[in-house]
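Worksheet for the structure shown next.
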Amino acid sequence: MNFTVSFSTLMPLAPVMIVALTAVVVMLLISIKRNHNLIATTSVVGLNLAALYILLELFGGKFVPANVMGMFMVDPFTMFYQFMILVASLACCTLSHAYIETYKDNREELYLLLLASVAGAMLMVASSHYASFFISLELMSIPVYGLLAYTYQRSQSLEAGIKYLVLSATASAMLLMGMAYIYAYTGSLSFYDSVQALFGAIKQPMVLLGLALIIFAVAFKLSLAPFHKWTPDVYAGAPAPMATFLATAAKVATIGLFVRYLLASGAIMVNSLVTVLTIIAVLSILVGNLLAVRQVNLKRILGYSSIAHFGYLLIALISMTYASLGSVTVYVVTYVLTTIGAFGAVALMSSPYNNVDEAQSLADYRGLFWRRPVLTATLTVMMLSLAGIPLTAGFIGKFLVVMAAVTTQHWFLAAMIIVGSGIGLYYYLRVMVVMYMTPPETPRIDADAHWGQKVGGLMVLAAAALVIILGVYPDPMINLALKAEILSPLHFMLSQQQ
């Protein structure tokens, strides 16, 4: 077998190569001389160059979809999701700079781990082969173990890293076993080439078990119930910027890969698997919202909230129309922006190397409005968006998901979205009420007086502005989401039904 790879063959993966090259440059700079500001700036420049390349490709009028070595499919869907991953990663970089500025140990390796994980995440959304599926997933996950436990002097951070390592390794084993069962019956590792063989053997128990194991492994990565137990503990223990990365970039990559896999392999057409996804969606909505009601830790609230939000997202995927696939992308955009803003506010409030700990407890936010009114307004916007209140981006995402469920007559699922949103409104309002209460005489933890003049603060303010703008004028976002098409026969068939 003659297997050669030229530079031109890999050019469609140029954004990934830019990020990988940035990681190499960062490694060299660390070996020459440690300089936190230089390393952080280099990382941000590299991520910006990759994002700029994607924008030029998409809007330059010359973009041509490509199949790279039969392992990766670079289409509008890939580029759109890679851009979202880069935006989320840039937010994490800027938040990390201020967060670990006073960290007494080595700080520079954090950016190296982050860049490696970003490269894996970007490859994930392009994967069209079981081998690239697994390798890119592990390339994203393994650096995350280090990121979560990076501030190991805090016992919570070390615990979060070890807990995620053990449970994630278990999920990876499930994933490999599922792939092995499917390969045994289809004889192909390509999503696209195995469609006919997959449906020919779909009644085989081992094939169904293989598909189920893959879904369970992905459900773990997305922290969907009943595979959610790690989420609140890891979010609460991890450094705030790293929790932001896990909640945004890592999940964007996973949902992007999952959507491509379901459409390219045709697995979404298997009724028994749709039933499993429906059960997972309903459980996630109920478990995430009901457990969040009891929490007094803001990061744990956001952790349980994310479980419910990806339950809503599954409903759009289950609905299986051309418009509903666009609504998945819209919901991901609104969720990422809102989560960046919410976790960003927590990161700005936290300086665990000058103070006692991170600002996690709701008591730390009591009366915040009277000390930091702009930061309070920003966090309020994020809570309203997560709750799905009109004039915020979160409302648009949730409205489109409800429309997708109603259009396909999934009345029960539409009702579950409404019930879940009603429960969620309670704990989001509780966070807002606490911030406007009478402040304590001496707050335990507070944000820097000039937080808005820092890069991280400007990023959080920009996220809040986008949440409001997209809530008032969502048309550009919706149009872009519909154009982010996956190159698959099933997606083409759905587009022709419009």
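Glycine too: its Cβ is placed from the backbone N, Cα and C atoms.
What Swiss-Prot records for 10-30, 44-64, 68-88, 109-129, 130-150, 207-227, 239-259, 273-293, 328-348, 377-397, 412-434, 458-478 (among others) is transmembrane segment.
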Contact yes or no, the transmembrane segment (68-88) and the transmembrane segment (328-348), 3+ Cβ pairs under 8 Å, gap 6+: yes
Contact between the transmembrane segment (109-129) and the transmembrane segment (412-434) (3 or more Cβ pairs under 8 Å, separation 6+): no
Chain residues in Cβ proximity to the transmembrane segment (273-293) (below 8 Å; excluding those fewer than six residues from its ends, i.e. six or more beyond): 208, 211-212, 215, 219, 224-226, 228, 232, 267, 300-301, 304-312, 314-315, 317-318, 413, 416-417, 419-420, 423-424, 426-427
Best-contacting stretch, by C-beta pairs under 8 Å, relative to the transmembrane segment (130-150) and drawn from 10-30, 239-259, 377-397, 412-434: 239-259
Chain residues in Cβ proximity to the transmembrane segment (377-397) (below 8 Å; excluding those fewer than six residues from its ends, i.e. six or more beyond): 305, 309, 327, 330-331, 333-335, 337-338, 341-342, 345, 365, 368, 421, 424-425, 428-429, 431-432, 435, 460-461, 463-464, 466-468, 470-472, 474, 477-478
Outside the transmembrane segment (458-478), six or more residues from its ends: residues with CB under 8 Å to it: 90-91, 94-95, 326, 330, 333-334, 337-338, 340-341, 344-345, 348, 374-375, 377-378, 381-382, 385, 390-396, 400, 452
